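These features come from TrEMBL:
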REGION    1-25  region 'Disordered'
COMPBIAS  10-19  compositional bias 'Basic residues'
TRANSMEM  81-104  transmembrane segment
TRANSMEM  116-138  transmembrane segment
TRANSMEM  150-171  transmembrane segment
TRANSMEM  192-214  transmembrane segment
DOMAIN    200-268  domain 'Potassium channel'
TRANSMEM  246-267  transmembrane segment
REGION    326-349  region 'Disordered'
COMPBIAS  327-339  compositional bias 'Acidic residues'
TRANSMEM  379-397  transmembrane segment
DOMAIN    386-458  domain 'Potassium channel'
TRANSMEM  403-421  transmembrane segment
TRANSMEM  433-454  transmembrane segment
REGION    496-535  region 'Disordered'
COMPBIAS  513-535  compositional bias 'Basic and acidic residues'
REGION    614-652  region 'Disordered'
COMPBIAS  619-638  compositional bias 'Basic and acidic residues'
Amino acid sequence: MHVSLDVVHQRAHPQKKRLRTEAERKQQEIERRQAALRRFSSLSAQLLVPLCPLFSLPGLTEKWYVVKDASGAIVEARPDPPLIVAAGALTLALAIFANIAILFRLIDTHPRFFSLGTIAFLTAHVVVNLVALIIFGVEHAHPDGYVLSTAFWLTAASACVAAASVALLIFDGTLTGWYSRGGTGVSGQQRSLVLTWDFFVFLILIGSVAYRYLIIGATYLDTIYFCVQSALTVGFGDVTLNTTGAIVFSVFWNVFGILTFALLVTFTRATALEAVQEQYKSQERLILERLRRHVPATASPSPGIGSLVISIVSFGLIRSRPRQEAEQEVADAEEEEESVAPGSGAAEHERYEKAIEELRADRGAQGREEQRVPLAEQLATSLVFFLTFWFVGAAVFGRLEGWTYGIAFYFVFVMASSIGYGDYAPQTQAGRAFFCVWAILGAGILTVLFSVIADAYTSRFKETFQRSFLTRAFIKVFQPQHAKELQHADIDVLPQAEKDGGSGSSLSLPRAETGKTRDSDGTVIPAREDDDRHDHHERAVLSLLRDVRRHLDHLIVSDDDVKDEHVDRVARRVMDREQFSRENREHVENDRSMKEFLYLRHLRDKLAQVERVASQRVHGGDHHSDPCEKCRRHREQEAAQSSDQKMETKDA
């Protein structure tokens, strides 16, 4: 049953990662890196494929062989052969089909079929383009005053992008056994990014075709360049709207274009922060796992049914299944050989506050340093990409436009910041084609950089606020009264055992010396005069199990807000009962994971109580047991009940 429940939980919650032994942690780290690499290759392919039709359109509509003047403007063009026009139309259609196939790949129902379909369309796109480029290049290899136009090189760029996408898809399929071990590996945020990017490219294609006929004298490359700078809100002013139709169309197109680009920036930021948060969560799981290994389990008579229920309640977070099975086998062997005294673990019970202090020690300077490492890596990587974008872009624009490096450096800054003064703007076709790619790429790089910086600043501000003198002073002044109010407010909400003041350090049993026994529902159970202690133990187990069941109802049935509120109540009541110091109370109040840990420790102690009571029932039924031992256990039980009554009086 133990193994089956664990398997059911793994299927129901596949996203929960478990960090156990050193070997398992290393294996999981390897799997995490492979998943990250696969996700990168899959996401890169999804983002590259939409560029193929964008680059193929100028190759179909513009001339490949032209004459340019000294400024780079086209003064004469030779018509393309019919073979080149047919090849351009075919490659554009193949690129569109490849985009449709890779969009359906995101559904994850048939990733192998749509991935292979995308690879087939892109491979045909590359082959047709290469044949057309090679034939045209060989025929016009002799100097005759004409040069290869930007449309020719954009067609070559489309073939290169398609080849890179094919390589990424093949690499992704190889890692997954052609998706026999999972889907595409693209997360929800990344799916939103891909869909927004595809729609943005589609808007540019529609806008460029419309502006081609609405702006007098504009080419397709000029209209694509105009759409990109309009959506990015750069607006150099070098391409103007000279017809009424173009002005009216621009009003509607710019609304959708700017809004789509804003969504694209938002999803890019969310995707970047998703990777950073995954690093944080990985470090957090390592810290909590170290705590679970360091903090000893609550001592109990035997690791029988109590350990089983603990593992189920904690959702497998305490020990891994192989280790649980091994421990269970050892426990069964020991149980056959000897019995453990029912109350032997009570003296060694660890206080909650000591566990919290160990948690703080484990999450001290070392934990903060582990959290800084992934953040520093992300920040350094983003900064390197941004500087590369700035310096390389300046060098390319200076080469294509004939600017000095200083002017090109200044232009890249004006372009990336979307200021767009208009004093400098690309005038050549090659410069405008490079601008279309570099401006969109720069917007993504800047978004990632600003997101990482903002996340670092927010984390640092939160840490500083939690450690500030004013925060500590506020908690010292207002926390005691706040705790009392919460304690009175919790009377009608928490399970009955907590109202009775049960804690992990004492055995909380229903009162029986008054002649009546109440279960956790408050129902009066008539006590017969001939009832013995065995009947009392059975009622105690029933009461404790009902309390545990109510806790599980809060964890499973309740929504997130109610669940968080319940965990907060239990954690505060435990801190009040155990008389936490103000310093430890402050750390628990400001840390969600500490509250959850405290709640699980409290629930685990209740299950240990169930186990002790069941053990008392078993040992109480042993007719060969020592009568003095029975008397000693009876006195311990009475002392526990007396402690519960005192705690109930204190709560009242």
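Any Cβ shown, glycine's included, is placed from N, Cα and C.
Across the domain 'Potassium channel' (200-268), DSSP assigns 52 helix, 0 strand, 17 coil. Here the domain 'Potassium channel' (386-458) has, by DSSP, the following mix of helix, strand and coil residues: 58 helix, 0 strand, 15 coil. Through the fold, the transmembrane segment (81-104) approaches residues 45-46, 49-50, 52-53, 56-57, 59-60, 64, 110, 114-115, 117-118, 121-122, 124-125, 128-129, 131-132, 135-136, 155, 158, 162, 165, 195, 198 of its own chain, all at least 6 residues removed from its boundaries and within a Cβ separation under 8 Å.
For the transmembrane segment (116-138), the list of distant contacts is 45, 49, 52, 64-65, 81, 83-84, 87-88, 90-91, 94-95, 97-98, 101-102, 105, 148, 152, 155-156, 158-159, 162-163, 165-166, 169-170: same-chain residues at least six beyond its ends, Cβ to Cβ under 8 Å.
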